[in-house]
Amino acid sequence: MEPEVVEQPQAPKLEPELPNGMEKVQVRELERRSKLNVEELNRIEDEDVLDKMLDRTTDFEERRLIRNAMRELRQRKRDQREKERDQRLQEMRSQATAGRAGHATETTTTQSTQSADGSARSTVTKTERLVQSSDGTKTSRTTTMESSFVKRSDDGNSTFVQTKSSYSSSSKKTGSIFDREDESVSRQSSLAALERRQAEKKKELMKAQSLPKTSASQARKAMMEKLQKEGGSSPNPAVARTAVQRSSSFGVPNANSIKQMLLDWCRAKTRGYEHVDIQNFSSSWSDGMAFCALVHNFFPEAFDYSQLTPQNRRHNFEVAFSSAEKHADCPQLLDVEDMVRMREPDWKCVYTYIQEFYRCLVQKGLVKTKKS
């Protein structure tokens, strides 16, 4: 008879305790997330892949790791481009040094013309530099043309335009006089073409300078006709002339003056705020403190400005944009992620947002204008 095999009872397997009653699915999810480490992210060389990973994940730690990897990848690419550029510059310097042996001559000629009334003056300077190798087998010629045009208008303002163009040519020593004559003819034709382009630019500039005078005279004439229609013909010509002169003194501001006026307004409203020094519409707004100071000046109860720091840029942008939208009905035209990603924001975007914020304040009656 075969002996009976008695099965020993096996001890039950103890399941590891899960913290806070977590399910197995959550544990596996945590194990999967822990596999995403810095080394794997640094091995990814495609920024689009990191961008897609950032869109898919919702975990804060993973998003932080992916953003760090994207910044390091961009820095590596920038370093690589700078290294390649330095190598190319070094090669170009070495080639220029190798072919610079010999002697060089340089000639400069200046031609200046002035209009009959003395309001416009143009100057053309031509510089020719000839470098010949020591053995005489190779010559290099560089010609630089500089032209400047100054025009003074009737109101005393002056317009200054300067252009610069250069071209170079190198040739071996030729044994025939006919070859040298052909080279001189081609060089003269290229110089003539360059001078012709300069003359065309000068003509276009003079034409552009004459346009504002015509439009201004037409505007004055239209203003005079409008005043006569509204108030009738005045028996005293001095009164009509005075009214027309007062209206013509108030010109329509151009884009640059509006931009400067808005910049001065922002500087005045944020004067006295810590960590704020508005000098432009780009770098002065990079840490978000200027946005917060501008919003806090009109809505001091919205948030505590003393708790803000320039280092916490993301928080500053979120506080400023959300408070402006809540209290001033100003739409969030700027994206917080874009503002954090850029070291210096685009001045056009910041300028557009400040214009919209100013318009919302005017609608709410918090800013007084000449019309209101």
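Keep in mind that glycine also has a Cβ here, set from the backbone N, Cα and C atoms.
According to TrEMBL, the feature region 'Disordered' maps to 1-23 (among others).
As annotated by TrEMBL, compositional bias 'Basic and acidic residues' applies to 74-91 (among others). For the compositional bias 'Basic and acidic residues' (74-91), the DSSP-based tally of helix, strand and coil residues reads 18 helix, 0 strand, 0 coil.
Summarising the annotation, TrEMBL assigns region 'Disordered' to 74-238 (among others).
TrEMBL lists 96-120 (among others) with the feature compositional bias 'Low complexity'.
Summarising the annotation, TrEMBL assigns compositional bias 'Polar residues' to 121-147. In the compositional bias 'Polar residues' (121-147), helix, strand and coil residues by DSSP number 0 helix, 22 strand, 5 coil.
Annotation source TrEMBL lists compositional bias 'Low complexity' at 158-176 (among others).
Summarising the annotation, TrEMBL assigns compositional bias 'Basic and acidic residues' to 194-206 (among others). Taking DSSP states H, G and I as helix and E and B as strand, the compositional bias 'Basic and acidic residues' (194-206) has 13 helix, 0 strand, 0 coil.
The feature domain 'Calponin-homology (CH)' is assigned by TrEMBL to 256-362. For the domain 'Calponin-homology (CH)' (256-362), the model's pLDDT averages out at 93.
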Write out how many residues of the domain 'Calponin-homology (CH)' (256-362) are helix, how many strand and how many coil, based on DSSP.
68 helix, 0 strand, 39 coil
